[in-house]
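A.B. asks: Next up is a structure, given as structure tokens.
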Amino acid sequence: MTPHRLTLPVLLTATFMGFLDSFIVIVAVPSIADELQVSIADTQLVLSIYVVTYGAALVIGGRLGDRFGRRTVFGLGMGAFTLSSLGCALAPDLEVLVVMRALQGIAAALMLAQVLATIQAVYEGEARRRAVLAYTTVLGAAATLGQLIGGGLLALDVAGTGWRALFAVNVPIGVAALVLVNRTIPQTRARGPVPIDVLGGVVLAAALIPLLLGLGLGPDRDWPVLAWVLIVLGAVVGVLLPFVERRAVAPLLSGQLLRQRPVRLGLVATLAFYAGNSATLLGLTLFLQDGLGIDALGAGIAYLPLGLAYLVSTLAGRRSGAPSGPQAMLWGSLVMFVGLAAAIIAGLAGAGPVVVSLLLAGFGAGMGFVYPAIVASVLARVRPGDEGAASGVLLTTTQIANAVGFAVVTAAWNATESLAASLGIATVLLLGVAAVGTRMRAGVKDRSQLSEDPQSATRALHATTINHKE
């Protein structure tokens, strides 16, 4: 299958929009609370509800793409995302805004669950490796530049729209992308029938919604009993999921996929990496805005060294001879660790925001090597037809990790108001990524695991961003 020259740009545009909306609204919380005359704590629901519905719908969204066609579901998701963004921009009160954000999260899940699955299906070999690198570059750009873009739009106050511009900006971009979907994205789907595991989807959503909601609401309300009840409820329902899936004719989560050691380790690394990443970004934001009183635009500018370092390292990762695979995961996480440690020491010594943000460039440089390797480890052994579900599992794990990182760091900041405490949590998590990289590197040396299924091995070598040569 030959992709159109605009296939990847359209997919990456959707990726940037969807991930940006997880971060861009952070800087607008005070403005939203002021205009709608609600409390900051209540306004936090605008942030958390997007993550909740997005995370809950990812796996089922991926499976819908496997069955009904990934281009079809991608287009439906893009259209719904554009309309819900318009609804957010026009929301007259907090209740309507929260409902629109919930719909926006579901739409983002339908849309974004198809991106990696489509890349996996239409690109091969070196083209696929470059597409995955471009995908991970866009993810990092959305995460690190989200607050800069949000702060800039707030500062510009386009036509007096204030925070509403942060949502309205999605509308023309979404319309343009919709025009191109049918022309540029090949239609791919699983071979043969793909039954939808409705019960599994319901149980998964019933586990993720209370878990993510509890993690999102707890830190901003001093961890009330309700937050703990939601977290425990989500965990208990989550324990039931494997039993439900074992009885399913076509389980939502493929047992064959989850039994693969590189996949399991990759998902563990995803949890540690994204929890550490979100902990760092939020910790720096709280330090700059709450600790030093810097405005939203200034805080966004402070992310530039980190974001630029990430971009440079991902581009460097395309060169032959660059660290790759488990080696990139190991060394990249250690570089991130050094950058964080330097920032912590500088913060404890009373250094200003410029010094801290420059030192965190090391963190960004390491990110650019780690995440492509993690994505490769999860997707390399996916069977044809399971790309959508695997993409959904990976992105769902990312959202759980983000929620955990945000919750833990917010709690640590509220208790200590210390940058060192916030970044220290991220440092511990990154050591976990390094440990996983070490285990995976040892596993790669045992080539017997690749010989069990020659076709699987061939897909692994072609699908991965790993260009491993020993």
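From the backbone N, Cα and C atoms, a Cβ is placed for every residue, glycine too.
Bear in mind that TrEMBL entries carry predicted annotations, made automatically and left uncurated.
For 7-441, the entry in TrEMBL reads domain 'Major facilitator superfamily (MFS) profile'. Per TrEMBL, the feature transmembrane segment maps to 12-33, 45-61, 73-92, 131-156, 162-182, 194-213, 225-244, 265-288, 294-316, 355-380, 392-413, 419-438 (among others). Annotation source TrEMBL lists region 'Disordered' at 445-470.
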A.B. asks: For the domain 'Major facilitator superfamily (MFS) profile' (7-441), provide the mean pLDDT of the predicted model.
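C.D. replies: So the average pLDDT across the domain 'Major facilitator superfamily (MFS) profile' (7-441) works out to 81.
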A.B. asks: Would you call the transmembrane segment (392-413) and the transmembrane segment (162-182) in contact, using three or more Cβ pairs under 8 Å, pairs 6 or more apart in sequence?
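C.D. replies: No, these stretches are not in contact.
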A.B. asks: Does the transmembrane segment (12-33) make contact with the transmembrane segment (194-213) through 3 or more Cβ pairs under 8 Å, each pair 6 or more apart in sequence?
C.D. replies: no
A.B. asks: How about the transmembrane segment (294-316) with the transmembrane segment (355-380) - do they touch, taking at least 3 C-beta pairs under 8 Å (6 or more apart in sequence) as contact?
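C.D. replies: These two segments touch.
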A.B. asks: With the transmembrane segment (73-92) as the reference, which stretch in 45-61, 131-156, 162-182, 194-213 has the largest tally of C-beta pairs below 8 Å?
C.D. replies: 162-182
A.B. asks: Could you tell me whether the transmembrane segment (194-213) and the transmembrane segment (162-182) have 3+ CB pairs under 8 A, leaving out pairs under 6 positions apart?
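C.D. replies: These two segments do not touch.
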A.B. asks: Count the CB pairs under 8 A between the transmembrane segment (355-380) and each of 45-61, 131-156, 194-213, then give me the winner.
C.D. replies: 131-156
